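Colleague: Right, I'll just put the structure down here and ask away after.
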Amino acid sequence: MVKKVAVLGAGSWGSILANMLVQNGNDVVAWTNMEEQAKELNEQHSNEHYVPGFKYDERLVATTDLEVALKDVDAVLFVVPTKVMRLVAQQMVEVLKKTGQKPIIVHASKGLELGTHKRLSEVLAEEIPSELRQAIVVLSGPSHAEEVAKQDLTLVTAASSDLASAEAVQKLFMNNYFRVYTNDDIVGVEMGAALKNVIAIGAGALHGLGYGDDAKAALITRGLAEISRLGVAFGANPLTFIGLSGVGDLIVTATSVHSRNWRAGNELGQGMKLDEVIDTMGMVIEGVPSTKAAYELAQQKNIEMPITEAIYDVLYNEKGVKEAIDELMHRDGRSELE
């Protein structure tokens, strides 16, 4: 039974999940590499930069000491940016080597590793001891930290090739407002989680340019087709993409003002440059590196992904958003099912 949990990463999603796990009756330590953030969580029970105005459960403990966070843990939850996932995993392994602990490894991050384009469970599997690899679990689905903080109803998926581990995570997180389903398609769940951020940037850009619901619905639908094509090429179950971690996560990310990726696209649509958007937001926009990864993976697999390619051109080749949309609309006609 899981009772002691280390949450690695105390941004908006990590800190809210940690808070919920405390309220579910678990002993939880949140790890951050920022002393001031740990102090704020411990003393003011707040995390103003990430979740303004929210008061955290006083039982939640934060630390910058990884050994303290990992002491006697039954489960480790990674909620760190993709660019540091491997580094944090390496640091965790060094601690676990000293203690001999064998916790369930869970991650709730969404993206692909920069450079290698590997899924995050693959990154973790390369770093952790072999006996822990089979039990890696991915927690993903349509979920905003702001809504979970308010205890709005949220449903997600726990995916793992090991059913017992997925069910342990399901039990750990379930409560009267947070429901968890299990899935054995870890590839599809992670691909859906990463690639929906790309389409969300496009949806935000449409809004920024003033396009209506028809255009946004079309982009989301055709975007889902692209996500599914690429995911299936890497071994995903196509049915996963019509589930919570596929279309569910895509809808919420591509339509909500809570979504950083949607907000970034909205600013781009209004004429702001990418560097300005990143500086203004001050938080990770996972869809930006995920767009590059998706574009390059599509080239590698010879998969047609015109929307992804258009967003790539806007982000990396300084193409105007309106020009990119016009080019998409003037592509040759074809069957919808191609």
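Every residue, even glycine, has its Cβ placed from backbone N, Cα and C.
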Colleague: For the NADPH site, Swiss-Prot lists SER12, TRP13, LYS110, ARG260, VAL284, GLU286; sort out which one of ALA135, ALA145, ALA225, ALA233 goes with them.
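Modeller: According to Swiss-Prot, the candidate sharing the NADPH site with SER12, TRP13, LYS110, ARG260, VAL284, GLU286 is ALA145.
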Colleague: For the sn-glycerol 3-phosphate site, Swiss-Prot lists LYS110, GLY141, SER143, LYS196, SER259, ARG260, ASN261; sort out which one of ASP185, ASP249 goes with them.
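Modeller: Swiss-Prot lists LYS110, GLY141, SER143, LYS196, SER259, ARG260, ASN261 binding sn-glycerol 3-phosphate, and from ASP185, ASP249 it also lists ASP249.
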Colleague: Between the Cα atoms of ASP249 (sn-glycerol 3-phosphate binding site) and LYS196 (active site, proton acceptor), what distance do you get, rounded to the nearest Å?
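Modeller: Here the two Cα atoms lie 7 Å apart.
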Colleague: If you take the centroid of the Cβ atoms of SER12, TRP13, LYS110, ALA145, ARG260, VAL284, GLU286, the listed NADPH site, which other residues of that chain have their Cβ within 8 Å of it?
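Modeller: Apart from the listed residues, the neighbours are GLY11, MET283.
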Colleague: What recorded positions in the list GLY141, SER143, LYS196, SER259, ASN261 lie within 10 angstroms of VAL284 (NADPH binding site), counting C-alpha atoms?
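Modeller: Close recorded positions: ASN261.
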Colleague: Compare all C-alpha positions of LYS110, GLY141, SER143, LYS196, ASP249, SER259, ARG260, ASN261, the record's sn-glycerol 3-phosphate binders, and send over the largest distance in angstrom.
Modeller: 16
Colleague: Within 10 Å of the Cβ of VAL284 (NADPH binding site), how many other Cβ atoms are there?
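Modeller: So the Cβ neighbour count for VAL284 (NADPH binding site) comes to 18.
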Colleague: Using the alpha carbons only, what distance in Å do you get between TRP13 (NADPH binding site) and SER259 (sn-glycerol 3-phosphate binding site) once rounded?
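Modeller: That separation, Cα to Cα, works out to 12 Å.
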Colleague: Looking only at SER12, TRP13, LYS110, ALA145, ARG260, VAL284, GLU286, which the record lists for NADPH, tell me the maximum pairwise CA distance in angstrom.
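Modeller: Of all Cα pairs among the recorded NADPH binders, the widest measures 15 Å.
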